[in-house]
Amino acid sequence: MGKTEQLPVGFMFTLQCVFYAVVSQRWIQLESRISAIIAGLAIGYILLEWFPAVSYEYMACGQQIYWLLTLTLSLYLGLKQLFPGQFSYGMLHQSIGTQNIQLKRTNQRLCQLLQEQTMLEQSLKEENQMLYKLANTDELTQVQNRRFFSQQLHHEWQQLQQKGRPLSVILFDVDYFKRYNDCYGHLAGDDCLQKIAQAANDSLQDSTDFVARYGGEEFAVVLPNTNEQEAVAIAQNIQQAIQALAISHAQSDASSMVSISLGIASMVPTLDTSSNRLVDLADQALYAAKRQGRDRYVLA
């Protein structure tokens, strides 16, 4: 038998890109001529010629087909040696066909389960995103809320402390807003706050910058990696954006239109200071702007 005597009893198929069946090179001694002949016949044939029950559809499942055929053919060859004449090549095809049907059903079920799992994960992701937004967004103005401001400011403080980079905060509120509410009504007041929040938010350029409603008619702007000169430029942009809204305010002593007062503070975070100190400085600058006549900004 020459070369065929070196072929394995339980030979395995390696699936190549063109689906040819080749004999594994892990040779072991072969005692059965029948197994050797069958193994020899497999060489160079397209896999589907040996196993027509296996459709092209499942050739993509290379690893599953590999083990399926290995197990089935090894069992067939072993039984054929133990019981000569009782196991035919047709029985091998029948066995492969049965297992192919089972594999097809299993794959269909797995695909269904995978699709259901993917849909469930997507649904949970969307629900979590919605919950996160609800927990961190001010309902009226749709900018970030006080809770998000405190948490994110602390986070940015720690990050920039390690990098030695500046962090700036702007606090601003609407000048004589109580008078505006009394004069135009609370619905008009709500609309005014919404427009101001949106205008301030649109004035930001960096994705890490954000506006938060600090309380009532007061807002906070957090500016990571921003020094005081850059913070002043952003404060001026916000002030000009509010002026461009041209919302009438007949009861204001600062302007005939709705205006804002701003306090600006900038620091490089260090271990011996906290983000509360930065907010305090911005708050002091805001009150200084109010004392000086409002409709202006003051740098701490």
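The backbone N, Cα and C atoms fix where each Cβ goes, glycine too.
According to TrEMBL, the protein has these features:
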| type | residues | note |
| --- | --- | --- |
| DOMAIN | 165-300 | domain 'GGDEF' |
| TRANSMEM | 6-23 | transmembrane segment |
| TRANSMEM | 35-53 | transmembrane segment |
| TRANSMEM | 65-83 | transmembrane segment |
Problem - For the domain 'GGDEF' (165-300), the mean pLDDT of the predicted model - result: 97
Practice task
With DSSP as the yardstick, break the domain 'GGDEF' (165-300) down into helix, strand and coil residue counts.
Solution key: 60 helix, 34 strand, 42 coil
